[in-house]
Amino acid sequence: MTGFWVLCFVLFPSSLSYPESWMPLVNLTHHILRDTNSSLFSNCWVCLSTQTQRSLAVPAPLSIWTDTPMKLHLTYSVRPFSGSFSISDIERRLRLFRPLTASYSFHNPDRRAIAFLQLVSSTGIFRIITRITSVIYPHKDRFFESAQRPLWGPLFTETVLRSQAPLCISRFFKVSAYATFVGNLSASLCNYTMHISPSTSHENLDLSTTHTFKQAMKRPDAKWKNPLRFSGPPSLIFSKPAYYPCPTDIKHCHTSPATPWMHCPQAPFGTCYNLTLFEPDNSTHPVTMSVNPTHFKVKLQGHRDPYPLSHYQPLTGAALSGQYSVWENEITVQENWDITSNIFSHLLSFSYAFCLNSSGVFFLCGTSTYICLPANWSGVCTLVFQYPDIELLPNNQTVPVPLFASVLSSDSVLRPKRSPHLFPFLAGLGISSALGTGIAGLATSTLYFQQLSKVLSETLEEIAASITTLQNQIDSLAGVVLQNRRALDLITAEKGGTCLFLQEECCFYVNQSGIVRDAARKLQERASELGQHSDSWGQWPDLGRWLPWLTPFLGPLLFLFFLLTFGSCLLNCLTRFVSQRLGSFVQDTAKRHVDSILQNFQYKKLPQDSPDEDTIPT
């Protein structure tokens, strides 16, 4: 009988209008299974979030701010052309292409963009540009390349920060229309906030005074004879400006005539200041961080200084993200012959966007997490580690699924709203997952995982077949090469063979087809195992998107089926049970009534023999 009620609790959803209505039934089912010592009872709850945009985050330690690299995504746009052009190979364009000569024309947008990059960095107008175009990796003689296919937009939009972050960065524009708002963290979640101020000033340059453009300016058809104007660099705003001299980076700076854009600092010392911060898990021992406001570089005192030019730090990428423009001064003559020399026309714009290049680290801005910050981002952000909303609970604790949650409405008033955010799985509760009724998510999840396993198995088989085909092509090509080699040896036999004739080292092909075929065979075996494992699962009908809508109705239908099938038996048993109980009750009542009458009233015993009629008393 207990099993029947357990089945009813699992199958029958009490209300189809509210998706959280089955949560109390799950708790009740769990308690019944525990009290009856059922084999379906589990000692653990596994609670997952049903909202794909929801996650939890913990603040990253201060060492992440110094050691986490970032990648640059650089695009530019020019006046004569519409759209943006991506510079995807800065190394090749800057090392091999040198437009700063008199023989080059600058109608090509790529040439103009690279020329401006060289011009800005070589003249020192924008000192930070050196770090953007000449970063060298350690132990590698190559330059930094811009990030390919960055992931724009937020990854999660409902991220909750569990504790206070040691460091935050803030940036706001005076004109909000020019900015892309990413989110705003409250002041209580930030131990210290660095304020980045976008540049509102510009710097002018007369090309005739630059050494690199002197030869180009002598040509009659030379371009850019008019003065240029550049966007200025951003700056840091400090609440406690306590500066001290700090050494500049000249050890890893390389300057050569072939790379004039790699401008090295002239002064051996710059200006820095210290911050006293606290780690997220240690609020008793402060940590001192040194900040270089010129290059937007941070360093923890007592820690080894990271390679200065190996990567951009998060503060560097956040500060330099933006759009920087170049204008040309056009001197015009008005009708009254007055000369107007203060009109600048837009020539070219650079857009710098940076992406985190370390797995597991994200920018948290408000409640949204990002890998790449937009060029003109605006808001308050910090670095975090994030993880999904998963909880493990013991068997003696009720699933914490609130039927009501307080959410912020449009009129900024907290009001209760039905919002279940946890999805409990009963580990070992085979009835719910096997039948897939009442709880549509379990059946849908099983179907999706089955389809995913099938697709993965087919993909592995295709990869194995492709590898085998490529190996067969290589084997046939090797056979052709060996035939040609033998023919060449016969032709050049009089001169000692092909190698002696070419005066080169003899090279031979080492056939490793056995290793490749073994790898392909292992892939096929894994695909076969996945296929068998997928076939062993319950074969659900391929209803696609209709399955989540159909499964909630299966519970009531099955309940009605069981009721119609066993209803007559149950009614017969119930009638017989009531009749028996009624008969026993009537008999007991009548017996008690008779006994009571006999005890309360006295009756005389009738004589056994009747008196003699002819006997007359005297």
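Positions of Cβ are set from backbone N, Cα and C atoms, glycine also.
Looking at 2-22, 170-190, 422-442, the range annotated in Swiss-Prot as region 'Fusion peptide' turns out to be 422-442.
Taking Asn37, Asn274, Asn396 one by one, Swiss-Prot attaches N-linked glycosylation site to Asn274. Residues Asn27, Asn376, Asn511 are shown; Swiss-Prot lists N-linked glycosylation site for one of them, Asn27. As annotated in Swiss-Prot, region 'Immunosuppression' covers the listed stretch 482-498 rather than the other ranges in 210-226, 244-260, 295-311, 482-498. Taking the Cα atom of each, Cys499 (disulfide bond) and Asn357 (N-linked glycosylation site) are about 47 angstrom apart.
The Cβ of Asn184 (N-linked glycosylation site) lies under 8 Å from the Cβ of Cys365, Gly366, Gly379, Val380, each of these being in the same chain and 6 or more residues away along the sequence. Sorting the region 'Immunosuppression' (482-498) by DSSP state (H, G, I as helix; E, B as strand; all else coil) yields 14 helix, 0 strand, 3 coil. Classification of Cys499 (disulfide bond) by DSSP places it within a helix. Counting Cβ atoms from all protein chains shown, Asn357 (N-linked glycosylation site) has 16 others lying within 10 Å of its own Cβ. Other Cβ atoms within 10 Å of the Cβ of Asn274 (N-linked glycosylation site) number 15 in total over all chains. Its Cβ taken as reference, Cys499 (disulfide bond) is surrounded by 15 other Cβ atoms within 10 Å in the chains shown. The CA atom of Asn274 (N-linked glycosylation site) is located 27 Å away from the CA atom of Asn357 (N-linked glycosylation site).
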